[in-house]
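**Student:** Below are the structure tokens for one structure; questions will follow.
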Amino acid sequence: MNKKSVLVIHGGAGVISKSTISKEREEIFLNSLKNILLAGKIILKQGGTSLDVVQEAVRLLEEDPIYNAGKGSVFTELGTNEMDAAIMDGTNLKAGAVGGVSIIRNPIIAARAVMEHTNHCLLVGKGAEEFAKSKNLEIVEPSFFFTQNRYDQLLRAKDEKKLILDHDGENLLEKEKEKEKNNETSTTTTTISVGVDPIDPKYKMGTVGAVCLDSFGNLAAATSTGGMTNKMHGRVGDTPIIGAGVYANKNVAVSSTGTGEAFMRTVAAFDIAAMMEYGSLSLKDASNKVVMEKLITVGDGGVICVDKYGNVEMPFNTEGMYRGYVIIDNNCENDQNDIINVSIYK
């Protein structure tokens with residue numbers, strides 16, 4: 001048995017600071033993260049595998065509408081929800097992903113089904129949805145994913161002919177509404193112009209993810225997202241791209257959040273693993289080099305990582321990232337040596 005088991009989760013990165021998020025909303029996120037970590041801890045304590053744990057952690061994140069994934073997914077320019085998800089097993093490099101799905105309740109479950117029941121890594125759109133139906137996964141009406149807050153973001157983006165990238169748009173919009181309530185004039189920019197390059201590095205991100213080391217020493221990673229508010233119909237980001245939004249092997253597991261196109265261009269998740277394997281860098285050095293030196297030149301965001309020794313790194317180059325981890329001492333029968341931590345800001 002491995003000396004320790006570890007679960008790390010994130011709920012997205014972006015313009016998340018104490019000046020853009022209310023204390024009440026801060027507590028909602030922290031409690032949600034903690035509860036999901038506790039649920040994952042139970043599975044690990046019962047001898048669950050890393051693959052089962054990351055799937056369940058991400059499924060729970062998808063079920064909570066405060067995150068931009070599953071139930072809380074943002075809307076496209078057409079007023080629809082198009083979700084992406086991916087999962088990877090570090091023990092054998094098997095992976096599965098879905099992209100642009102609109103009626104699958106939990107895209108992460110569909111991603112695992114792709115991994116386990118097809119010879120492919122990625123299915124998209126209607127094909128992915130038909131496959132999910134064939135595997136008796138839960139299918140819902142598109143209206144299931146409607147949330148007023150996300151729809152308000154879309155209306156605002158359309159009204160200003162802009163693109164809002166969660167969590168920035170959500171938190172800054174919340175702050176602006178608060179100012180309007182107090183009859184103040186807000187000068188905070190909540191959106192970015194759609195132009196040749198709509199991915200402004202100052203504004204990002206909405207994704208959820210999990211990485212895990214189980215008691216058997218196995219690693220796994222999973223990521224899920226609704227994308228960005230007012231995105232083009234058919235746009236797919238880094239989340240379902242193996243090596244960009246998610247990666248796991250026998251040394252490390254990584255889940256990304258941030259400027260999707262930047263993570264694809266830098267193959268960020270795989271780059272961390274490659275630096276560790278071929279450059280003999282530590283998890284800390286590799287993850288920080290990618291996020292703080294390489295990624296930042298083309299976009300913003302962060303990653304959560306755990307290596308085969310149970311070391312945890314969660315670097316991000318934005319103002320904040322919803323994140324947390326639980327570390328379980330497998331040599332101790334009770335919980336006295338277990339560690340759980342949740343945080344938002346730097």
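All positions are counted from 1 along the displayed chain.
Glycine is treated like the rest: Cβ placed from N, Cα and C.
What Swiss-Prot records for Thr207 is active site, nucleophile, and it gives similarity to another entry as the kind of evidence. Per Swiss-Prot, substrate binding site is recorded for Arg235, Val236, Gly237, Asp238, Thr257, Gly258, Thr259, Gly260, and the stated evidence type is similarity to another entry.
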**Student:** Given the binding-site residues Gly237, Gly258, which one has the fewest other C-beta atoms within 10 angstroms of its C-beta?
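**Tutor:** Minimum Cβ neighbour count within 10 Å, taken over the binding-site residues Gly237, Gly258, occurs at Gly237.
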**Student:** In whole Å, how far does the CA atom of Gly258 (substrate binding site) lie from that of Thr207 (active site, nucleophile)?
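**Tutor:** Checking the Cα atoms of Gly258 (substrate binding site) and Thr207 (active site, nucleophile) gives a distance of 8 Å.
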**Student:** List every residue in the same chain as Thr207 (active site, nucleophile), at least 6 positions away in sequence, whose Cβ is under 8 Å from its Cβ.
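**Tutor:** Spatial neighbours, sequence-distant, of Thr207 (active site, nucleophile): His10, Gly12, Ala13, Asn68, Ala69, Thr223, Ser224, Thr225, Thr239, Gly245, Ser256, Thr257, Gly258.
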**Student:** Look at each of the binding-site residues, Thr257, Thr259, and point out the one with the fewest other Cβ atoms around it within 10 Å.
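**Tutor:** Relative to the other binding-site residues in Thr257, Thr259, Thr259 has the fewest Cβ atoms within 10 Å.
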**Student:** For Arg235 (substrate binding site), which residues of its chain lie six or more apart in sequence with Cβ-Cβ distance below 8 Å?
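**Tutor:** Expected: Thr76, Glu82, Gly227, Met228.
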**Student:** At a 10 Å cut-off from the C-beta of Asp238 (substrate binding site), count the other C-beta atoms across all protein chains.
**Tutor:** 31
**Student:** Would you mind listing, in sequence order, the residues at least six apart from Val236 (substrate binding site) in the same chain with a Cβ closer than 8 Å to its Cβ?
**Tutor:** Asp84, Gly99, Gly100, Val124, Gly227
